[in-house]
Structures are given as structure tokens and as C-alpha cells.
Amino acid sequence: MGKKDKNKKGGQDSAAAPQPQQQQKQQQQRQQQPQQLQQPQQLQQPQQLQQPQQQQQQQPHQQQQQSSRQQPSTSSGGSRASGFQQGGQQQKSQDAEGWTAQKKQGKQQVQGWTKQGQQGGHQQGRQGQDGGYQQRPPGQQQGGHQQGRQGQEGGYQQRPPGQQQGGHQQGRQGQEGGYQQRPSGQQQGGHQQGRQGQEGGYQQRPPGQQQGGHQQGRQGQEGGYQQRPSGQQQGGHQQGRQGQEGGYQQRPPGQQQGGHQQGRQGQEGGYQQRPPGQQQGGHEQGRQGQEGGYQQRPSGQQQGGHQQGRQGQEGGYQQRPSGQQQGGHQQGRQGQEGGYQQRPSGQQQGGHQQGRQGQEGGYQQRPPGQQPNQTQSQGQYQSRGPPQQQQAAPLPLPPQPAGSIKRGTIGKPGQVGINYLDLDLSKMPSVAYHYDVKIMPERPKKFYRQAFEQFRVDQLGGAVLAYDGKASCYSVDKLPLNSQNPEVTVTDRNGRTLRYTIEIKETGDSTIDLKSLTTYMNDRIFDKPMRAMQCVEVVLASPCHNKAIRVGRSFFKMSDPNNRHELDDGYEALVGLYQAFMLGDRPFLNVDISHKSFPISMPMIEYLERFSLKAKINNTTNLDYSRRFLEPFLRGINVVYTPPQSFQSAPRVYRVNGLSRAPASSETFEHDGKKVTIASYFHSRNYPLKFPQLHCLNVGSSIKSILLPIELCSIEEGQALNRKDGATQVANMIKYAATSTNVRKRKIMNLLQYFQHNLDPTISRFGIRIANDFIVVSTRVLSPPQVEYHSKRFTMVKNGSWRMDGMKFLEPKPKAHKCAVLYCDPRSGRKMNYTQLNDFGNLIISQGKAVNISLDSDVTYRPFTDDERSLDTIFADLKRSQHDLAIVIIPQFRISYDTIKQKAELQHGILTQCIKQFTVERKCNNQTIGNILLKINSKLNGINHKIKDDPRLPMMKNTMYIGADVTHPSPDQREIPSVVGVAASHDPYGASYNMQYRLQRGALEEIEDMFSITLEHLRVYKEYRNAYPDHIIYYRDGVSDGQFPKIKNEELRCIKQACDKVGCKPKICCVIVVKRHHTRFFPSGDVTTSNKFNNVDPGTVVDRTIVHPNEMQFFMVSHQAIQGTAKPTRYNVIENTGNLDIDLLQQLTYNLCHMFPRCNRSVSYPAPAYLAHLVAARGRVYLTGTNRFLDLKKEYAKRTIVPEFMKKNPMYFV
């Protein structure tokens, strides 16, 4: 029997010494290793991984082991760049052009993630503070010692598949864990050890065979990803410990015989799992700490033991599914606030498997393996069994298990509340039934729900159903559909009777597998169970329909007439509850508040007096002068027409199409063969109009007019209009909706209390329970970059902003630019003060010199009149005199911004910078001038600033960043096309961009002409850089979740085809930027003077628990919200051919949020996507003045930007 080892000071773990026969064999293998490493042909034959060969090797007798002590690493400090250290030496080598890890020892070289072998000997690596990528390629390691240590800011440490015989493997993960994995392979009779430090990066030991050697890896403070592949372990010790902020610890499938497997996860983990396998002869124990939430042990066979579970204070959910448990001991303890601890089905016979998860446990997993006849404690182990055959070549890496997407690890750890409620689906039936509902007539649809409810009670025996209000309903019981009386009668609020015919029938595939929601979570299949999700979504909306007005997924509660919040022009703001069924690591209900403007219900006469005329109506009031502003409000609105009592008819609802051409006293129509005026007609019916001089409302069609007197109409209550709000409405709505996170949460909780989901019979019948408070998840706060200006001067970013403080722009253009200031000199009305105008010009010149912009001090001042032709004359003169810039001061009325941009950029090719006259007259201060100069320098093809070089991001200098966005017309502009905007960088810093825009069919999401757009961007990149990019990072904005496949199959295909056409093969990473969602972060604490809205810090990342378990996805708040609750941006990575590490991608994305040229603040999403939005907005400016677009190609040709202007000033659109 092996002796117990004593631990050394300094945190070293014990290891059993090999037998003399083993030591002799190991010494021979160490002598052979240099020769084996000098076989470059192995690098060229990755196929060997797919063609394993068998070789006979005898396992040493392991019952005669002697204790030995593990030697500490002799390297001190750490290397700054990622590299490889072997044989006690440090070797630093990394390709500076990104995503390529290179290793040289002797004549062996590894490039571009190629893994190769190592046989025997001693392998040691230590990575320093900012380490990036440390890799030890696969090979055969027989009877040696492998050790790796990663330093403070870890990154990526990897030991690929090989054969390791008779060693020691141990894994310890520190405070901010991340990801610890042991994939498949054969490990016999040894000890494997790895230690990951505080914020661990990525440490990996892929599959191989280990017999009687020693392998040790230690990762330092900010590591992140530690992996040890699975294998066959006979008589060894495998141990993993994860520290405070756990993350993800995994041991995949393999055969483990006669050893000890132990895992401990620390404070902030979240998900601990041991998948199905065969474990013989032992003890399995799991403990989850304070903030667990969900502890599960699925079905399996456990022989010889005890199963025990304890749930703590705020436990949440603890489950042990059916299985056979005979003997053995399985124990799980869940702490104060739940989490998720799972041990899937398997066979456990004897053996000892232990896992402990700390306060907020992350993710600890031990996949299926075999552990027979094993009993030992930490530091002591035995092996029994006959020697086994070994394979000469390592087995191929197994496919990554579903749901094991690598998550980020770097950053300062923390916690935050998320507006997600846990859903308990444990009592949900296994199936539901889907039925098609057909209701005739099709209009009015707003009474469908009332008619269906009557049908449910009368014809379906009051069956509990979930109806979506349109064409589907769901039930957990089969419905009796044979005998139906399809006709029902309903009465509206005005007493009008409506008859509907309802038909219900089963769909083609009526049965819905509701258990697929559980299967999705447990088995981690990659396809969402969409039908089951749709069913649950309809069920969860059931309690809201009768209490609120539904708009999309939001339910708006009617306002109190005595306490309404009025916006402008007759609108009020209503607050509604948004809810959506979500699948992350478990089912959630996403809840948030929504704000929407609704027309205020009031008589039309009151509306005219308060908002349109803003005066009392009398006998002389005329609507001709107000018609231009009144009709846009009236068109499409519903009014209730209340006939006079003498008509003896019920009120009716009509939709307004506009105003009549003439007042009621003059407008005529045919009645009894005569033409009569509307006023005389009502007078003949004993109702003389009070205001016959007012126009009537036209509620008929274009063919047949129906005219109603305004004084008999009122605006219908609760209308959700699908129209664009005016500028004043938007400004007032933002002020009203901008609240702190504390106030926002209080509003959400009040609405949840109002709707009472858990008391709804439909939700109860489907076996769903909803939690009462937000979930709490782990976060990481990324470090902000340093911003670099001219002469290598740097400034720190604090709370999402920074100051220049005397610094100069990084790269201004040295030429003295000729500048002109244009101002409006109307023929009549107020004129600009020339002194203010001159002061403004002098400030532009003086402050421009201070930041290194060279503007000619001889400024030209030119007035223009109300006539647009005067602008044409001035622009033509400036073009002839070779002026570089025209600063145009825009009056509040008369000449518009759109007109100026169209003339300057489409006709004359003049660079313009517009500023409002009000700003020049009232706000002309240093800050305003500084912000204008930021735009001017970028437009003149200068670079304001860049991010300080980061050794972890070497690929930045040969990367083209592409941002794309598609803006669509508002719903009331159906004939206006969509505008595509694509911006692409062409400099080493990601600071200078060129643009392309296109017109395409309205509401078309994918970009049709991406091939030619990419070709043009590649041409410009080659022109500036004399080479094509090695990497393309594509940030795509404005895409809904359902459009992801189209983007990947169409837009990315076009990008690749364009690259093929010019003969380059860049690695492509495509990131979808999603802003339209309702996920919000709610930190604890109260409002402070420095954080008056109580938002999270810029750089806060969430990439666990609430994200899709099978996709590379993360949320990030990259900005400091000026007002209201900060909205995180969601990023979905749908293509990553270069295998860009998630930590690097998150830091790179955060850095790019500091590269927006318009301001010295970080913005809410990366600069490429933001600039693409500006491109699309500029394309929409070019459409102003045209209402019909019959031929988009011809219309686009009319709006071609002057080519030489675009070449000289590629960032003119900023």
C-alpha cells in the first residue's frame, strides 16, 4: 500500500513516488524526449489523431509506491506575453497577428492552434501577469512530470491530448474559477494536478493515456479556463477545487477505476453537475452554498449507499428524480439561496465521488466514467487490476458536450439582480394540446377574446384554455369537439350586438411535448423547443388580458383620469408590464416596464380647444389654418360617434381618414334626391349644430365619404396607435420614463401585484409557479482601456468618460484647411447678431489649434437666404475656391438639415458641419466647441484618439472591423424603402472608417447587396494598408433572434465570396448586436450623488445563467447612462472561424465602445455598429422630399455621393 504524503508549506500538494522500476523507465523516457520533439513530420500529420495505434505497455505494480514530494516551480515572476515553458525553462513566442499560438523547442513549431505531441520527460510552463495563450501540444507523455503555472491575468493555458502514464493529476481553481474540464482519455495509476488561481483563465489537458507519471498545472490569479481530459484512471487521485466565483468546472466522460475524485466549488458558482456514468464502490457528495436555487440528481443506479439532500434558507428547488439506489452514499446540500446542482443518471457502486460548491456555486461537472473498487482519502491512493494495453496515438478529441460553451473569466467579480423570475415547471403536465381557432367575421378583432370566452363557457363546458386572442388555443385536456353550436353573441360597451361564428379543430400535430422544456435544460439539445415555448408564453399572458390593453408582449394598465401623465398634442403616457418566457440555464419569466403614448380619451371639441387651437371655439373659429397640423393626428384614430337623442340609435366607433373639404355649413350630400348641407340635415332631425362652421370628420373610404360633425365625436379610450411619436412627445416620454433602477423595480413589482399571476386558474392548471423576486447572478466588471492621444500621452477612463486636459488629437491633418461659416440672413424676420457670429468663428479657430486642428484663420462668412437656390450658389463658389469645410448655422425654420446635406454631398461635394442657430446664440461655450471639433477632425480624415496597445489583443492591427445596420421606415410610411448602412475600418486602430449605403425593399432584414459592399470595403482597405485584412470582425446591428440563420447563410456567405474574389482568406467573427430587449441590471444599494440612477459600472458583463446555454452569448453595459436605467447590449456570436477566445472578444468589444469619434465617453455598443447606424441615418436623409419609390435602382442612382468627395473625406457622415 502507498504511504500517506505530507503536504509541503506554500500550498504544494502531495504526490506518491513511483516505484524503482517506474523511475528507471521514466529516466529512459526523459532521455528519449528531445529526439521525439525533433520530428517535424508529426506537425504535418494531424490525421494521426484520427488513426490511433495500439501498443503493449505494462503497468507498474502500484501497491509498492513510496512517498515523494512535489518540487516547486523554479521560475520566478512571469512573462508578459503568452508563450510556452518546457523542461524548467521559459520560452516566449506568440504570433503578433492574432489568434495564432506559436511554440518553438528544438525544431518543433506549432502554428494556428495545431497541437502536437510530447513524450516522457518534464514539461513546465508559467505564464505571467497579462498572459494570453499558453499551449502544450498533444503527444505521448510516459512517466514524466508536466507542470504549468499561469499568472495573474491568465488567458489560455492548454495541454492537448497525449499519453501520460503513472502520474499525478490534480486541479484546483481559485477565486474566480471559470472552466475546469477533464475530457476523455485513459489515465491509469497516476496523479494529475492543476491549480488555477484567483481569476483563472484557461487551462486544459486533453485526452490521453497517463500511466505512472506526474502532471501538474497551476494557474494564477486571473486565469479562467482549466481543463483536464477524461481518461481511464486506475489507482490514482483526481481532485478539482474551484474557488470563490466558480464558473464552470467539468470532468467529461471516461473510465476511472479505484481512485478518488473530488471537486469543490467556491463562493459564486451557480451550476454544479455530475453527468451519468458508472461509479463503483464509493461516496458521492455535493454541497451547494448560499445562493444556489436549483439542486437536482437525475435518475440512475446507485448501489450500496445513502442519498441525502438538504435545502437551506431560500432554497428554491431541490429535486432527485427516479433511479435505483443500492448501498453507496450520495449526499447534496443546498445553501441559503439555491442555485443549481445536478447529478445525472449513472451507476454508482462503491467508489467515492465528492463535490462541494460554495456560496454561489458556478458549474461543476463530472461526466460518466467507471470507478471500481476504490477507497482512499486526499493524498493517498491505491490501484488494483491487471495491466492494460495502451494505444500508441491519442484518441481524437470528443465533441464538446452540449451546453459547455466557454464563458469569460477576466474582470472584477460581483453580483447583480436581473429582472428575471424563476419558473417552477416541476408540476407541469407532460403534454398539452394545440387547437386552431377560426372566428368569422374577421372584423372587428377586438371582440375575439370576448366571443371566445363565451364559446368556452357555453360549448366547451368551461374547460380551462389558454387563448392567444387570434387563431390558437392550448389545453392540457382533450376538448370535446364533436357537438358544437358555433354561433355566439357579444355586446360591446355601447350596447351594440355582434354575432360571431367560432370553429375549433385540432392542428396537424396537436400534441405538444411540454417535457421538452425540461429535456432542453438537462440534455442541452441545441434546438429550442419552440412549440412548447409558444404554449407557455400564451399561458403566462392569461391573467393580463382582462385587466389591460395588450400591445405586443406588453400589457398597459389604464390610467386614472385624475392622475394621468400627459405628454403633448393630446397624448398620455401609460405604463405597462412587459413579460416574455425565456430559457437560460433554467426557465425564466423576463418582466419589465414599458411606456407607450396613447391618445387621451376626450370629446373632439375639447381636443381642439386644448391642443390644436389652444383657444375657445366660437362662431368665427375656422379649421383651415390648423388643418396641416390637425390631420396627421386624426388620420387613423378611432372616434366614438354619439348620435343625438332624436336619432334614437346607439353610438358607433369609426376610424377617421381626415377632415372634410368644407365646413358642415357648406359640405353637401345627396338626401332624398336633393343636395343638402350637413348642418341643415341635422337641423331637420331636430338637432341644430352648435358649431356648423367647423369641418366634419371623414370616416368613410376614398370611394364613399361618411362625414360626421366634430361636436358629436369623441376619441375612443385605450387606442394603441402604430405610429411614430413626434419630437416633443419623445422628449417628454424620455423624461417620464428615465427613473433609477430602484424606482423601476418598484413599478415592476406593483404591476406584478396587480396582475396576480400565481392566482390565475389557467397558469395553475398548467402546473406553473412563478417566483416573487428577481434572480441574482454573478457579474464581471472589465477594466477600461487607456486612451492614447498625440505624443504618446495617455488618459484614464473613469465611470465611462475621460478628459483630454490639454492633450491633442492623435493624428490631425497637417494641412491648413480653408473654412467658411454660412449663416441664414432671411429677407424678413430676426437676423443673426454679427458679433456672436464672429465670436463663434474665432472660438472654432483658437480651440482647433489647441487640439492640433489646423484651420485657416482667414474665415469666410457667407449669408444665405430662405431660397434654397442661394445655397447652390454658395456651395458652387466654395468648391471653386477649394474650401475644405463649410460650417452651416441652421435656423429653426426655413432651410432644413436634410436639404443642406443633399445639396452638399450629392450635388457639390462640399464637406459640411451643421450647428443650430440656437446653440450658437445661447450655448456657445468651450464644451460645445470641443464637441464640434471632435466631429470636424474626423470628417477631415484625422484620428481623435486610439486605445493603448494591449498585448492580449495583438490582432487589432491587421483586422477590419465592419458594422452594419438596416433602418426601416415607420409603420405609417409603407412606401418608403429600408436603408442599409455599412461602415468598415481601414486603419490599424479601428478609428477611421469608410461607408457604403444602399436602398432595398421595406422591412427586408438581411442585406441584399452585401457582396458588392464588401468588395468596395476590401478595395479601400487595400488602398490604405497595401494588404488585405487577416481578420474580419463583423458587428451586425438591427437583427431579431429569428433572423440569425439568414444573416449567417446569406450575409456571411457574401462576405466570404467577396474575400475569395480578391484572393484573401481572413478569419471571420460575426457578432450580432441586440439592443431591443428587456433585460436590465438592478444592483443593490441606493442612489448616490455620483450614481444618481443606481446603475452598474461600465464594463459589467453577464454571460452565465440567463444566456443561451448552447451559444456564445453575453450581456454588457459599456456606458454610464446619462439618465434612467442603463440598458445592457446583448451580443450573440454566430460565426467564429478564428476561434477568438471569449475573454478577448469581450475585452475587444468593450474597447471598441471607447472608439466612437463624436464624444469622449464610452457608448452603449461598439463604434463599428454605431457608425453603421449613422450611415443608414444619412441614407435616410437623402430620401427626404420623395414619397414614392417605384424603381429603387434608379432612385439610388439619383442619390450617388460625389465620388472624389467620398474618397477625400471617407468619414464625412460622422
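Glycine residues also receive a Cβ, built from the backbone N, Cα and C atoms like all the rest.
Swiss-Prot annotations:
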BINDING   Asp965, Asp1037, His1173  divalent metal cation binding site
COMPBIAS  18-93  compositional bias 'Low complexity'
COMPBIAS  107-117  compositional bias 'Low complexity'
COMPBIAS  141-154  compositional bias 'Gly residues'
COMPBIAS  187-200  compositional bias 'Gly residues'
COMPBIAS  210-223  compositional bias 'Gly residues'
COMPBIAS  233-246  compositional bias 'Gly residues'
COMPBIAS  256-269  compositional bias 'Gly residues'
COMPBIAS  270-282  compositional bias 'Low complexity'
COMPBIAS  302-315  compositional bias 'Gly residues'
COMPBIAS  325-338  compositional bias 'Gly residues'
COMPBIAS  348-361  compositional bias 'Gly residues'
COMPBIAS  362-394  compositional bias 'Low complexity'
DOMAIN    608-717  domain 'PAZ'
DOMAIN    885-1186  domain 'Piwi'
REGION    1-412  region 'Disordered'
REGION    681-686  region 'Interaction with guide RNA'
REGION    1119-1127  region 'Interaction with guide RNA'
REGION    1156-1178  region 'Interaction with guide RNA'
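Swiss-Prot feature annotations superimposed on the structure.
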residue	record	DSSP class
Asp965	divalent metal cation binding site	strand
Asp1037	divalent metal cation binding site	strand
His1173	divalent metal cation binding site	helix
Other residues with Cβ within 8 Å of the Cβ centroid of Asp965, Asp1037, His1173 at the divalent metal cation site?
Gly963, Ala964, Val966, Thr967, Gly981, Gly1038, Val1073, Ala1169, Tyr1170, Ala1172, Ala1176
Does His1173 (divalent metal cation binding site) have same-chain partners at least 6 apart in sequence with Cβ under 8 Å from its own Cβ, and which are they?
Gly963, Asp965, Thr967, Gly981, Asp1037
Mean per-residue pLDDT computed across the region 'Interaction with guide RNA' (1156-1178):
98
So, by DSSP, how many helix, strand and coil residues make up the region 'Interaction with guide RNA' (681-686)?
4 helix, 0 strand, 2 coil
With DSSP as the yardstick, break the region 'Interaction with guide RNA' (1119-1127) down into helix, strand and coil residue counts.
0 helix, 0 strand, 9 coil
Cβ atoms near Asp965 (divalent metal cation binding site) (within 10 Å, other residues, all chains):
26
For the region 'Interaction with guide RNA' (1156-1178), the number of residues DSSP places in helix, strand and coil:
12 helix, 1 strand, 10 coil
